[in-house]
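Participant: Questions regarding the structure given below will be posed in turn.
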Amino acid sequence: FPSGQTDSLDRGWSISFAGCGFMGVYYIGVAACLFQRCPELVHRAARLYGSSAGALLAAILTVGIPLELMSLARGARAHRLGPLHPDFNLMQHVHNFLVRTLPVDAYVHASGRLFISVTRVPDRKNQLLSEFNSNEELIQALICSCFVPFYCGIFPPKYRGVRYVDGAVSDNLPRCDQKKTITISPYAGESDICPQLQYTSQVLFNNMSIEVNPENLYRVTSTFFPPEPQVWTRTRPGLGQDWAETRPGLGWD
C-alpha cells in the first residue's frame, strides 16, 4: 500500500465506501475482488472516503491491516439479543480491534488520504475528518463515524473535544469534486459497484441512492442484526459479477 500523505488529486480518482453496519462483510468480497482483478484501483487512489463501516474498510485499505469485520458479527450473534445484548459492546469491540491491529504509524499513512464522514452533534452538520496527530485520534474518528445513537449507546463519543455520531446521519456516501469518485455500496442502487437488480423505484438517503425492493429491505435489516454466516457465503460470490458488470462503465478496461 502507498505510504505517507497525499495532497495531490492528479491521480484522477478516489473511492468512497457507504455506511452499512454488519453488511460491511460485502466489502470483504469487494476488497478481495479489487486486489485480484485491479489492485491499482486502490493502490493509486488519491483518497479513500468512508462512512460508518465504510470508514473502517477505507482505513483498513489505507494502512493495510487484516479484514476482521466478520469477527465482530460473530461476537454479536453469540448473544441472544444480538448486538443489543448488554454484554455486547460494539464500540468497545471496534476499539479493541483497532488498537490491536493498527500499525504504530497508521495515523501518518491515513492523514491526508483517509476521509472519515461524521455528523457533528451540536448542529448535525457533516464533517470529513482527515488529519490525525496520533493513532488514538484516528481510532476516535472511526469510533465517532460508527456510533449510531441509542443503538450503540446514549452518550456520543468525542473527537478533539467535540461530540460526533455516525456519518450516515448526514452523509452516508461521502465524495469529493475529483474527476472520478468510485462509489461502492452493498445496497442495490446507483453506486458504481453494488448488487445489480432491475428495479426503477429508488429513494435518496443522505447522499446515497437505494433501490426500493425486498432484497434491499433484507440488507437494511442485516445492517443492524448480522445474518447467519452461511448467508454471507451466499452473498460474497456475487461480488465478482457486480464488478464485471460495473467495470466497463468506469472505463478501466
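Cβ atoms are placed via backbone N, Cα and C, with glycine included.
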Participant: Of 19-24, 37-42, 73-78, 199-204, which range does TrEMBL call motif 'GXGXXG'?
Facilitator: 19-24
Participant: Select from 50-54, 120-124, 225-229, 235-239 the stretch of residues annotated by TrEMBL as motif 'GXSXG'.
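Facilitator: That would be 50-54, the stretch labelled motif 'GXSXG' in TrEMBL.
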Participant: Determine the minimum-neighbour residue: among Ser52, Asp166, listed as active-site residues, which Cβ has the fewest other Cβ atoms within 10 angstroms?
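Facilitator: Per-residue Cβ counts within 10 Å for the active-site residues Ser52, Asp166 bottom out at Asp166.
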Participant: Where DSSP helix means H, G or I and strand means E or B, what are the helix, strand and coil counts for the motif 'GXGXXG' (19-24)?
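Facilitator: Tallying H, G and I as helix, E and B as strand, the rest coil: 4 helix, 0 strand, 2 coil.
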Participant: Distance check, please: Cα of Ser52 (active site, nucleophile) against Cα of Asp166 (active site, proton acceptor), rounded to an integer number of angstrom.
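Facilitator: Ser52 (active site, nucleophile) to Asp166 (active site, proton acceptor), Cα-Cα distance: 6 Å.
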Participant: Quick check: in three-state DSSP terms, what is Asp166 (active site, proton acceptor)?
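Facilitator: Note: Asp166 (active site, proton acceptor) is in a strand by DSSP.
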Participant: Give me the DSSP three-state residue breakdown of the motif 'GXSXG' (50-54), ordered helix, strand, coil.
Facilitator: 2 helix, 2 strand, 1 coil
